[in-house]
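S.K.: One structure coming up, written as structure tokens, with questions to follow.
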């Protein structure tokens, strides 16, 4: 099964808690207070741009952490803060019965769960395993089957909101899995996000995420094109952004994460497109959308074009830059 999961990962390209039913702040504080009182360790695997601030928010809510990352340097500040660092995902599973994984690709997730030193080697019966990676929905379903065989529970819970929301604890989690287990997942996820949405069976969280990211990619390209055109027509970029954001063209890419340097502070475009959500990861997510569109016979004309644009960007040296660097790419591609 592990082999088939790896193959699927490679092929992929590299209870509802909304504002409508969201508990009052006092209720959330009560949830976190109960967690602090119990001091039950939580495992966290994957301390990248997103995982690092997510894990820190769990710490702020009183959770002792059992930490693992494939890069030991990523664990140093947690170890210095008194958190326990171990040498493999299996060691995390041996010491914690609630584990969150935040990994880049399907292949990484399969390795963390089903690899030679994976979680499933030492997972305890009754453990709750929450994967917040963005991966192929079919891989999530296969992982859930393997986890269930071990007497544990698997839920997919990819996130939206970017690094800024991860730092502030305002992520949106899209959760798929057994509904009866959602409350247990919400206890943890509610300390890292302001919206925790139950989507349905395992895999539906991933489905919601790849649809969201496809739209995000399309809107970012559209925003970059509009801003570039306006600038070349002689408009001041800050003025143009102001007009867009009070008009029908307004979107998250224009008013929260503008891709033009100098328009907004605290976003990757203000820092040479460093940090944030990498172009490689956006290309990967668009590949997942393309695979899903093919399997469901769904036309995604703009989604496919966005996929090609981000793949070209990766080939031209933008792979480590934030995906909003599409603006810089367009500025440099006179003959695009």
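The backbone N, Cα and C atoms fix where each Cβ goes, and this holds for glycine too.
Residues or ranges marked as active site in TrEMBL: 209. For 40-68, 103-104, 108, 134, 284, the entry in TrEMBL reads NAD(+) binding site. Marked as domain '6-phosphogluconate dehydrogenase NADP-binding' by TrEMBL: 42-200. Residues annotated as domain '3-hydroxyisobutyrate dehydrogenase-like NAD-binding' in TrEMBL: 203-329.
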S.K.: What is the interatomic distance between the Cα atoms of residue 40 (NAD(+) binding site) and the residue listed as 'active site', given in whole Å?
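M.R.: If we compare the Cα positions of residue 40 (NAD(+) binding site) and the residue listed as 'active site', the gap is 29 Å.
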S.K.: Pick the one among the recorded positions 60, 209 whose Cβ has the fewest other Cβ atoms within 10 Å in this structure.
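M.R.: It is 60 that, of the recorded positions 60, 209, has the fewest other Cβ atoms within 10 Å.
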S.K.: What is the number of other Cβ atoms found within 10 Å of the Cβ of residue 55 (NAD(+) binding site)?
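M.R.: The answer is 27 other Cβ atoms.
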S.K.: Taking only same-chain residues 6+ apart in sequence, whose CB is under 8 Å from that of residue 45 (NAD(+) binding site), what do you get?
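M.R.: When sequence neighbours closer than 6 are ignored, residue 45 (NAD(+) binding site) has 51, 67, 68, 69, 89, 92, 99, 100, 101, 102, 103, 112, 119 within Cβ distance under 8 Å.
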S.K.: Looking only at C-alpha atoms, tell me how far residue 55 (NAD(+) binding site) is from the residue listed as 'active site', rounded to the nearest Å.
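M.R.: Cα of residue 55 (NAD(+) binding site) to Cα of the residue listed as 'active site' measures 21 Å after rounding.
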S.K.: Across the domain '3-hydroxyisobutyrate dehydrogenase-like NAD-binding' (203-329), what are the DSSP residue counts per state (helix, strand, coil)?
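M.R.: Counting residues per DSSP class in the domain '3-hydroxyisobutyrate dehydrogenase-like NAD-binding' (203-329), I get 88 helix, 2 strand, 37 coil.
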S.K.: Among the binding-site residues 50, 65, whose Cβ has the fewest other Cβ atoms within 10 Å?
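M.R.: Counting other Cβ atoms within 10 Å of each of the binding-site residues 50, 65 gives the minimum at 65.
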S.K.: In whole Å, how far is residue 65 (NAD(+) binding site) from residue 209 (active site) when you measure between their Cα atoms?
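M.R.: Each residue's Cα considered, residue 209 (active site) and residue 65 (NAD(+) binding site) end up 26 Å apart.
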